[in-house]
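Q: Here's the feature list from TrEMBL:
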{"type": "REGION", "residues": "1-95", "note": "region 'Disordered'"}
{"type": "COMPBIAS", "residues": "26-36", "note": "compositional bias 'Low complexity'"}
{"type": "COMPBIAS", "residues": "78-89", "note": "compositional bias 'Pro residues'"}
{"type": "DOMAIN", "residues": "153-200", "note": "domain 'F-box'"}
{"type": "REGION", "residues": "248-268", "note": "region 'Disordered'"}
{"type": "COMPBIAS", "residues": "248-259", "note": "compositional bias 'Polar residues'"}
{"type": "REPEAT", "residues": "350-375", "note": "repeat 'WD'"}
{"type": "REPEAT", "residues": "376-416", "note": "repeat 'WD'"}
{"type": "REPEAT", "residues": "417-456", "note": "repeat 'WD'"}
{"type": "REPEAT", "residues": "457-496", "note": "repeat 'WD'"}
{"type": "REPEAT", "residues": "518-557", "note": "repeat 'WD'"}
{"type": "REPEAT", "residues": "558-597", "note": "repeat 'WD'"}
{"type": "REGION", "residues": "646-676", "note": "region 'Disordered'"}
{"type": "COMPBIAS", "residues": "659-676", "note": "compositional bias 'Acidic residues'"}
Amino acid sequence: MEGGDYSRRPLSFSARRTLDSDTGDMDGSGISGMSSRPGRLSGTSRRPEAITHSHPRPLPTPTRPIVSPLQNLLPSAPASPPTPAPSPTPQIHRLPTWSTASENEDAFLRDARPHFSRLDSQERQRFLAEILNLCDSQQLSFVLNYVSPRLKKDPFKSLPNELCLRVISFIDDPKTLARASQVSKHWHGLLSDDLTWKKLCEKHSYRRLSGAAGYSMSNQTHHHDSALFSANPISPKEATFAHALPSTSGFTSEISPQSLRAKRGRPKVTSYKSHFKQRYMVETAWRTGGKAIARHITPDQGVVTSLHLTPEYIVIALDNAKIHVFDADGQLLRTLTGHVMGVWAMVPWGNTLVSGGCDRDVRVWDMEKGDCKAILRGHTSTVRCLKMSDHKTAISGSRDTTLRIWDIEKGVCLNVLVGHQASVRCLEIHGDLVVSGSYDTTAKVWSISKGTCLRTLSGHFSQIYAIAFDGNRIATGSLDTSVRIWDPHTGFVTSTPFPMQACSDPCFRSSRNCLAVLQGHTSLVGQLQMRGNTLVTGGSDGSVRVWSLEKYACVHRLAAHDNSVTSLQFDETRIVSGGSDGRVKVWDLRTGQLVRELSSPADAVWRVAFEEEKAVILASRATRTIMEVFSFSPPADSLGEFYRAPRATSEESSGAMEQDQEAAMDEDGISCEMET
């Protein structure tokens with residue numbers, strides 16, 4: 001800096017943060033050699049030695065009047081016209097221009113810097129105080145805006161990363177985390193830690209997405225249907241479709257282009273962060289979105305008797321002896337014909353479908369080819385229920401009072417289970433055990449491998465219409481309006497009569513295990529689903545009830561429908577019900593509040609089934625059976641790019657916190673979805 005050619009070299013950017021040649025503005029740079037340029041500082045004949053005065057002078061009063069902003073609030077002041085809110089931009093204070101600087105000003109600053117650098121701390125403070133005493137309010141405002149960003153400090157840069165991640169772990173609002181990741185590159189790096197998003201997934205109960213999970217749920221939830229979720233009703237008339245597909249089955253099909261976008265084409269989830277984004281968008285679509293991607297109409301008024309969803313197919317059976325097979329997006333593939341009367345039961349397993357109906361036959365189908373692989377005969381009346389224990393073993397229940405165990409690969413009957421005195425209405429399988437419910441008011445536990453009855457569950461006063469079995473507990477719903485919980489290993493009921501309090505007499509428990517009845521419904525209980533310690537029941541009285549299997553108490557009583565509940569399914573967060581009143585409703589499992597209705601009201605809802613990102617409704621409208629397929633999958637573009645071009649903060653733009661920029665998280669993918 002002391003070289004002879006200094007005045008010929010351009011000053012650096014930091015060196016030019018000094019007094020403006022016209023206004024006298026100044027920054028934090030020091031000034032020395034006051035005696036050589038006194039006029040540049042005050043415009044008075046002040047002596048140079050006065051600068052060393054130990055007591056700073058008071059700030060001068062501005063000579064020009066100051067207009068208070070409160071004057072605009074007086075009643076007599078005219079109202080200001082409304083102006084649109086400006087777009088958010090980095091608040092960067094404009095630096096002084098050097099376009100009008102003279103050579104003399106450069107020479108003055110060249111002498112001032114070394115003088116200021118030689119001063120100690122107290123001398124610098126007195127020096128700066130005197131300089132500030134010479135400034136007016138506009139210049140002081142410039143100093144304030146110039147200095148304030150340099151006094152800010154990023155706490156996440158001062159603390160160890162371990163403490164920063166500990167602080168972040170207490171934030172359970174994903175919208176807050178998404179916005180915080182845009183503050184700076186350092187914050188973005190901290191919020192990219194996968195452990196933070198793993199904990200957030202656990203807080204929101206977001207399990208890993210998999211087609212097998214949805215398929216196993218579909219298999220475990222037998223003929224009780226499932227239902228689906230959306231916040232604003234989506235009318236089929238409002239949905240636009242690309243083209244109509246003619247079909248020999250009588251269906252008029254409409255498929256949207258969205259249905260052709262396969263779910264398997266989605267980028268693979270490789271981190272908890274991307275997994276959380278995907279799950280959050282799916283949950284948001286269930287609450288407030290969803291699109292109708294397919295719609296099919298059949299001209300005849302066929303009653304839908306069964307509906308199943310698998311990772312590859314949507315399969316429906318009707319009482320007109322037809323079975324329609326659609327792909328996972330709702331496009332009609334083929335119609336299986338062969339039954340001569342109504343099909344009342346079916347169960348899929350991979351590409352294999354087993355069906356039974358009023359013609360007393362059990363048929364095995366290849367859904368991929370549409371061929372009937374085997375016809376199993378033996379029942380003497382309508383086949384009313386079907387389940388599969390593995391890929392080659394099927395179990396059927398009939399109105400002839402028997403159950404039959406079939407080897408569908410060999411096409412032979414392995415065992416005939418005899419014991420019921422009336423029609424077998426429902427059955428469930430878990431491991432080697434099968435539980436059947438009958439119109440003879442009893443339920444029986446059978447061994448599949450042995451082909452024998454292990455125990456009989458007696459207690460209902462009327463026919464059993466629904467059953468649920470998770471391996472540890474059996475729930476039965478009956479025409480006597482009650483629900484009973486049984487222990488499959490003892491045959492005794494494992495709870496107490498209403499009002500559902502545990503029996504305190506240990507001697508009585510050892511003899512009868514305390515007979516238990518869950519009461520509350522006023523009509524037939526025909527829908528049951530059990531998951532963990534939660535049981536949800538639906539009745540012909542139109543109500544849906546949520547029960548705790550730990551306390552054996554009713555948690556929620558939902559006045560769901562004006563008529564019978566025909567469909568019922570729930571998962572970790574929601575309950576979906578369909579009824580004979582033609583409505584499909586979604587409820588919050590934890591609060592019992594109505595979330596939304598899906599689709600427009602119909603004459604009646606036959607069946608509703610849903611997976612994590614798809615839902616199917618089968619209803620009757622104007623004497624026609626209509627199938628609607630809804631998708632809740634995230635848009636493809638929102639899952640492709642997880643990061644977006646960086647945004648600079650005001651601190652970064654002014655050079656206070658960071659000079660580099662960040663690749664911020666895609667707000668369209670998370671933040672904007674969370675705003676919704």
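For all residues, glycine too, the Cβ spot is worked out from N, Cα and C.
TrEMBL entries are annotated by machine, without manual review.
Keep in mind that this is a model prediction, so the values were computed, not measured.
Help me understand the surroundings of these features in the structure.
A: Taken together, the residues in the domain 'F-box' (153-200) have a mean pLDDT of 85 on the 0 to 100 scale.
Packing against the repeat 'WD' (376-416) from elsewhere in the chain are residues 219, 222-223, 344-347, 349-350, 352, 354-358, 360-364, 422-429, 432, 434, 436, 438, 440, 446, 448, 451: each is 6 or more residues past its ends and has a CB under 8 Å from a CB in it.
Remark: secondary structure over the repeat 'WD' (417-456) totals 0 helix, 24 strand, 16 coil, with classes taken from DSSP.
For the repeat 'WD' (457-496), residue counts in helix, strand and coil come to 0 helix, 17 strand, 23 coil, using DSSP.
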Q: In the same chain, who gets a Cβ under 8 Å from the repeat 'WD' (417-456) while lying at least 6 residues past its ends?
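A: Same-chain residues near the repeat 'WD' (417-456) but 6 or more away: 222-223, 381, 384-385, 387-389, 393, 395, 397-405, 462-471, 474, 476, 478, 486, 488, 490-491.
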Q: Just give the helix, strand and coil counts over the repeat 'WD' (350-375), going by DSSP.
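A: Residue counts in helix, strand and coil order: 0 helix, 16 strand, 10 coil.
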